[in-house]
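Everything on this sheet refers to the single structure shown next.
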Amino acid sequence: MSTMNLILMGLPGAGKGTQAQKILEDFDIPHISTGDIFRAAIKNETKMGLEAKKYIDAGNLVPDEVTNGIVRDRLAEADTKNGFLLDGYPRNIDQAHALKQIGEELNKPLDGVINIHVEPAVLVERLSGRFICRTCGATYHKLYNKPKVEGTCDVCGGHDFYQRDDDKPATVKNRLDVNIKLNTPLIDYYGQEKLLYNVDGDRDIDDVYKDIKKILDNL
C-alpha cells in the first residue's frame with residue numbers, strides 16, 4: 001500500500017500509547033498527538049499556535065477551527081508523505097468532517113480508524129489499581145505490580161501507602177464516562193464511512209498488536 005493515513009482511538013487505559021509505539025516501529029509514519037502539535041505550534045509561534053495560546057492563556061477551550069488549522073498545518077509537513085498516525089483528534093463530529101475536508105485538500109484521505117475496545121469495567125480496574133508508597137514514592141498496582149511482600153514497599157520497606165485522587169475508582173469512572181460520550185458518535189461516524197476497525201484490547205499486548213498489524217498489512 002502506498003500510504004497509511006490512520007487514526008488511533010481508545011478510552012484511557014486501553015493501551016493506545018503502547019500500540020502506537022509498536023505501529024511506529026513497523027511503519028515509517030509520524031505519530032501525531034494533539035498535545036504535541038499544540039505545544040510545537042505555540043513554541044514555534046505559528047499563526048495558529050499564537051491563536052491557540054490566546055485561548056489557553058485565558059483558560060478557555062481552543063475552538064475547533066483553530067484546532068483544525070493546527071492539524072492541517074501538521075499534516076501538510078513533508079514527513080507525512082507515507083502517512084500518519086493521528087492520536088487525540090478528531091474529538092467531535094465537526095472535527096471529523098473538517099479532517100475529511102483537509103484530507104481531500106492535501107490529497108491525504110484516511111485509510112483506516114483503529115479503535116482499541118476494552119470494556120469500561122475492565123478499564124476502571126486497570127486505572128484505579130495504582131497505589132504509591134508515601135515514604136519513597138514507589139508506585140505499585142494491585143493487579144499488575146504488587147509489592148513482593150503485601151503491605152511492605154520493595155524499595156524502602158515502608159508500610160504507608162496511598163492512592164492519588166485521580167486514580168480513585170469514582171474519578172476514573174467519571175473520566176471514562178466523559179470519553180465514552182465523546183467517542184461514541186465518532187465510532188458510529190467512522191463505521192458508516194466504512195473506515196472503522198475494532199480491536200479487542202482486553203488481551204496480551206502482543207496479541208492486540210498482531211490483530212492491528214494484520215489490519216494495517218491489508219489496508
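Backbone N, Cα and C define each Cβ position, glycine as well.
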Region 'NMP' according to Swiss-Prot, located in which of 3-32, 33-62: 33-62
Mind checking which residues of the chain, 6+ beyond the ends of the region 'NMP' (33-62), have their Cβ under 8 Å from one of its Cβ atoms? 69-71, 73-74, 87-89, 91
Helix, strand or coil at T34 (AMP binding site), per DSSP? helix
Residues near R130 (ATP binding site) in space but at least six apart in sequence (CB under 8 A): T139, Y140, H141, Q163, R164, D167
Assigned conformation of G15 (ATP binding site) - DSSP reduced to three states: coil
Please work out the mean pLDDT for the residues of the region 'NMP' (33-62). 93
